[in-house]
Amino acid sequence: MCEGPSRISGPIPPDPTLCPDYYRRPASAQGRLEGNALKLDLLTSGRDLDSSPPRGPRIRPEAREILERGQRGVGDVLLQLGCISLGSGVSPKRKNPKDHEKENLRRIKEIQRRFQDQERSREQGQPKPLKALWRSPKYDNVESRVKARMKELGPTSVTEPAHFLRAHSRCGPGLPPSRASSPQLALPGPQAKGPGLGVDFISRNALAAKRAPRRHSRSLQVLAQVQEQQRQAQERYNATQKGHVPHYLLERRDLWRKEAEARQRSQPDPSMPPGHTLMPENQRLETLNNLLQSQSQLLRELVLLPAGADSLRAQGHRAELDRKLVQIEEAIKIFSRPKVFVKMDT
């Protein structure tokens, strides 16, 4: 027999079938936050569902913040204190960055619009009256000399042609006329009505413009002088240097030739036999000249011998002359060569 729920607390839970109304299965904290606290429990009965809906759990306002803090950890909270956020949400204290480019464009457009309005108002406005020039009061009662002269001359006839130059007609170079070429002006006679009357200034100006010497600017004169100097320098170069070998190249070529000859002389002749030396050229020519003189002398002696002499002495003398002539001829052949090698004394 059961008198109600047991008030004894121990490690062994009581049997829930005894008092099902008191031993309900509690919902989790996450389920209560998500709104699942009203789900059907296995131990609930149909009578309880039909009678009245169960009362919702009591949840504090900061429960969701505590749950999110537990899921993210404490590091995110510490970083949020330093204005650094690791989560997907944006900190409410941080403001959106200002777009300076759009702000500058907006200000530029405002300035342009303001200037356009000023230009439009200036164009539509009436012209401002000009300020009168200052005039000294001492000339108030003075009559104009031009007006007095016009009264003296009288009204000009309509049929009389006006002597003046039209636009772009007889335009000269604009240079002042030379004093030497300008014609002498005649003095006005007693019948002249006014100064300058009776002088044809148009003809005088045209004549002075034709006779005026043509003057060049300073830059053109300097340019002409420089071009003349360049032309003279080019002509001088063509006459003295163009097509000619420079002197330093000629000197260098002679030096190279002398060095080549010296190297050739210093090198041993490959045709020279061992133990011999080359006879100098002057000594060779001197020896050849002596041999030619000896040959001519022996030929003269051979010719002067008597033809009918058959003695042994005459025959021996003739044989000696022939032998010497043969030796001299052989020596002449040797010393007539360009190179003569002499055996060195050991």
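Glycine too: its Cβ is placed from the backbone N, Cα and C atoms.
Here Swiss-Prot flags 98-107 (among others) as compositional bias 'Basic and acidic residues'.
Annotation comment: Swiss-Prot describes 113-125 (among others) as compositional bias 'Basic and acidic residues'.
The domain 'Enkurin' annotation in Swiss-Prot covers 251-343. When the domain 'Enkurin' (251-343) is classified with DSSP, helix, strand and coil residues number 64 helix, 6 strand, 23 coil.
Taken from Swiss-Prot, the feature phosphoserine covers Ser91 (among others), and the record attributes it to a large-scale study or a structure entry.
Swiss-Prot lists Ser136 (among others) with the feature phosphoserine. Around Ser136 (phosphoserine), taking its Cβ as the centre, 6 other Cβ atoms fall within 10 Å, counting all chains.
The region 'Disordered' annotation in Swiss-Prot covers 1-24 (among others).
Feature annotation from Swiss-Prot assigns region 'Disordered' to 88-107 (among others).
Swiss-Prot lists 113-132 (among others) with the feature region 'Disordered'.
Residues annotated as region 'Disordered' in Swiss-Prot: 259-280 (among others). Long-range contacts of the region 'Disordered' (259-280) within its own chain (CB-CB distance under 8 A, at least 6 residues past either end) are made by residues 287, 339-344, 346.
When DSSP labels each residue, the compositional bias 'Basic and acidic residues' (113-125) comes out as 12 helix, 0 strand, 1 coil, counted as helix, strand and coil in that order. In the three-state DSSP reading, Ser136 (phosphoserine) counts as coil. In the compositional bias 'Basic and acidic residues' (98-107), helix, strand and coil residues by DSSP number 8 helix, 0 strand, 2 coil.
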